[in-house]
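Quick look at what TrEMBL lists:
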BINDING   G169, E170, S171, G172, A173, G174, K175, T176  ATP binding site
COMPBIAS  884-898  compositional bias 'Polar residues'
DOMAIN    76-791  domain 'Myosin motor'
REGION    672-694  region 'Actin-binding'
REGION    883-904  region 'Disordered'
Amino acid sequence: MWICRCLIKDFEKRPSVIHLLEHPFIKQVHGKDMALQRQLAKLIQVQQQSGSIAKTRYERMHTKRPYVLQTKENSCLDDDLVNLEVLDEDTIIHQLQTRYADLQIYTYVGDILIALNPFQNLSIYSPQFSKLYHGVKRASNPPHIFASADAAYQGMVTFCKDQCIIISGESGAGKTESAHLIVQHLTFLGKANNRALREKILQVNPLVEAFGNACTVINDNSSRFGKYLEMMFTPTGAVMGAKISEYLLEKSRVIKQAVGEKNFHIFYYIYAGLHHHKKLSEYRLPEKKPPSYINNETGTVMQDIVNNESYRRQFAAIQHCFRIIGFSNEEVHSVYRILAGILNTGNIEFTAISSKHQIDKSEVPNGEALENAASLLSIGSEELQEALTSHCVVTRGETIIRTNTVDKAADVRDAMSKALYGRLFSWIVNRINTLLQPDKNICNAESGMNVGILDIFGFENFKRNSFEQLCINIANEQIQFYFNQHIFALEQMEYQSEGIDAALVKYEDNRPLLDTFLQKPMGLLSLLDEESRFPQATDQTLVDKFEDNLRCKYFWRPKGVELCFGIQHYAGKVLYNVCGFLEKNRDTLPADIVVVLRTSENKLLQQLFSSPLTKTGNLAQSRARVTAASRSLPPQLNAGRIKVDTMEMMRHPGETTNMKRQTVASYFRYSLMDLLSKMVVGQPHFVRCIKPNDDRQAMKFCRERVLMQLRYTGILETVNIRRQGYSHRILFDEFLKRYYYLAFKAHQNPPGTRETCTAILEKAKLDKWVLGKTKVFLKYYHVEQLNLLLREVIGRVVVMQAYTKGWLGARRYKKVKEKREKSATSIQTAWRGYDARRKYQQLRARRDEAAVCIQSAYKGYTARKNYVVLKNNKHYEFNERQRLGSSNKGHLTDSSIRARQPDKEADYHRPLFYTTERNSLVDIDEHDFTANRRLSDFYGSQKSTGSDGCLEKKLRTARRRCQQPKTLNSPEDSMYYNQVNGSLEYQGSKRKPRKLGQVKLLDGEDEYYKLLSAADSIPEEDFSPCSPLSPQQMFFS
């Protein structure tokens, strides 16, 4: 059948890819790809080997999961009680019991989830199950707490509206664990890039519950406060922060617990952890006898602390929570010191002393506990003792100090302990909110959306019920009233106003009982506040006032029982004991204690008692801006100050400073108002927790106990109204705005009329819907179907947009790429031209430098050579003068010498050689050195060109490149070089070739060159043939 539907040609009628992926067979294949591939490969191989092409029926592949996923086709009718044919109490109880025996602890009642506490751990909360309940149809999977969380998340993202998940039930029904699972799944759905933020949010509940939960007679982890956790998301659905609101902490549990109950968890955790780490002495805690605040009637507290391994593990977990969330080590150390100070304060005892004038004076007989408490709180022991045993009274401008009796001093001690713990708990909550507030750089908090989770103490009915149970049960009455209003009253009122013909469902309305508690001035809480203001009022006068003013069917006073009254709650009759009502309601903290604690050197303790309280009784949170970089820094923990200026604390808008008139009842009333104001903003989702038995045993189902809870929670009436009524009422314009894509084109703008809404509903193929005057009335399952269709249409649009954007992006990228290539070519061309010109200029500069160097070297060489020639000619002329003068006896003149010179032209050019043997200048005979003719020719040419007898300089033309060297053509030249070579014995020389840059040393064979080198030091100016030599120069030459 499914394959036939997939083969339909009309794409609007055939299933889409989303439906294919949601098919049970495809889901069961998930995670077994490799195994199925191996099976298919094996089957194909067998088929190929056999050579058969006939269709063969193979064995069934086993893909059964540990937790069987049921579908609508087989057994989803059992998942929703609305689908039952017979609606009565026996049928509903039988259905729940059958499912509970199969470990199906969750059941739907329309869009409401019923959760039975299994009292055991189930393996249905892993990340794999989180993936199964992520944006899928509700009927695709069995009922689950993750489905309710996903419904709230999808509603927030789809409709951009805040959501609220309300968890209700008796104490021990599993509300706290359900809240944990919802936070876990919402964190999975709203995955953000900041993994540390998700880890912080998951660590919030364990930390807060360690300080706010305790063990009671019926629940080992009972919430002793109301908690409303708001998870903040960006418009795209990513989690960006969280905020906790706490209400009505049971502070009286710090100083006293009922029989069989314990103090708050944190006291046992810290005691076991410090004992394990050998740090009890550091915090002044005894090792053998437990403090009085945690001691019980059995005397086995220390044995449990030492031997209970879970306490040590919880202490390590609490330290991990502090570190992950962002508390500093200094803050954690201050918290531990305050907790240890509270335990030591409880050990302070008082005794009465009598004197002549005072018989009701009290004192502290043993100062050890007082010293320990004062040391841990960083205050003076004397100041603390004075504040405990006396108080100041201001009358007509005069201060009178009055002593306290033993009972009064004990009350002051207990009031101080309760105030310390209550304010410390509020500070921890405020600090968590500061560390988890959204980063304004990522998203503005106003533009985000919230999913609120209410986890409040459940309805309680003990053997002895006191003021705390009265407040808890009134809060549960308020939650039940909100449920009735949303499920029954508002829905039926809209039926009448819109003209819808629907059968009215009768239900138990608890509004009269709430008025009995909350109305002014004759309500129970108002009467309690009025009686608390009278100093002489007693518990007996309070009961009498209740009996005189509360005349209704819900209040009665039992006969023969003093100081008791009874209330008929929605969950049953409860008998309350009035002992201590007035003192618990007053909750007075003497001003002397506040003054002493403000002088503490502990900066955290200063802050606790310098910040004012809000109208709900909580510590006011500072409104200072905290950036993401400073979230890990402790606020107000700066060293140096001892006293705190209270004007530095920024006040909360709803805070109050008139503490004398505030009572616990007034705090409670404001807390309910604040809680309701947050709940009514969002779309509610209800989770009703049921306790199957009072023994906390797994797999035990008590029919009478479950039936009683179903009756007072109105489950049967809820089933009827969900079957007959319309849980979703949407205005025409809002309905068109949400779903007009299902029937109209994007460019169309249809009006918000009945016809338009009808067209959309018919296009969606829905049935059993009704149109009113201004609203569309839908069943609880219609909205889910419309959302799935809308998601499918939007998915197609997104695919088309993706392809279009991809094509446009590719074209744009191609243009940009071409432009970049052209730009790169232009840049490369310019650079290469610049680089070539730069290199050419460098090469040209080097060539110019080389040419200058060569020219200078050549000019020096020619100058030195010409100078040597001129020097030899002058010397030869001088010798000739002496020789001719000696022969002619002084009658020789210059003209005669010149006249003889042409005849003996070679004599002028005979060179002189310096010999090492004689160390003197000798001339060479002309017949031996006729090779000097070249020098004489040069000299003769110089002399013949000068008109005044001066020698002119004639440079030899440089030999060109590749020109053949000059050969010895004349016989005289050959004779000259042969004689020179023979005289120097050059043929036998074994000199090695000189390397480049090596200086040549002159030896005996180089006398000729040594003679020539003497001319290098003569300046170039002296080389001019026009400047004749002086006699001295002639002499030295």
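Positions of Cβ are set from backbone N, Cα and C atoms, glycine also.
No curator has checked TrEMBL annotations; they are predicted automatically.
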Tally every other Cβ atom lying within 10 Å of the Cβ atom of G174 (ATP binding site).
-> 25
If you run through the region 'Actin-binding' (672-694) with DSSP, how many residues end up as helix, strand and coil?
-> 8 helix, 8 strand, 7 coil
Within 8 Å of the Cβ centroid of the ATP site residues G169, E170, S171, G172, A173, G174, K175, T176, which other residues of the same chain have their Cβ?
-> N117, N219, G458, C689, K691
Rounded mean pLDDT within the domain 'Myosin motor' (76-791) lands at 86
Among all the protein chains here, how many other CB atoms are within 10 A of the CB of K175 (ATP binding site)?
-> 26
So what sits near E170 (ATP binding site) in its own chain, CB-to-CB under 8 Å and at least six residues off in sequence?
-> G458, F459, E460, A571, C689, K691, Q709
Long-range Cβ environment of S171 (ATP binding site), under 8 Å and at least 6 residues apart | T216, I218, N219, S222, F457, G458, F459, E460
Cβ-Cβ distance under 8 Å to G172 (ATP binding site), same chain, at least six residues away = N117, I218, N219, S222, G458, K691, R696
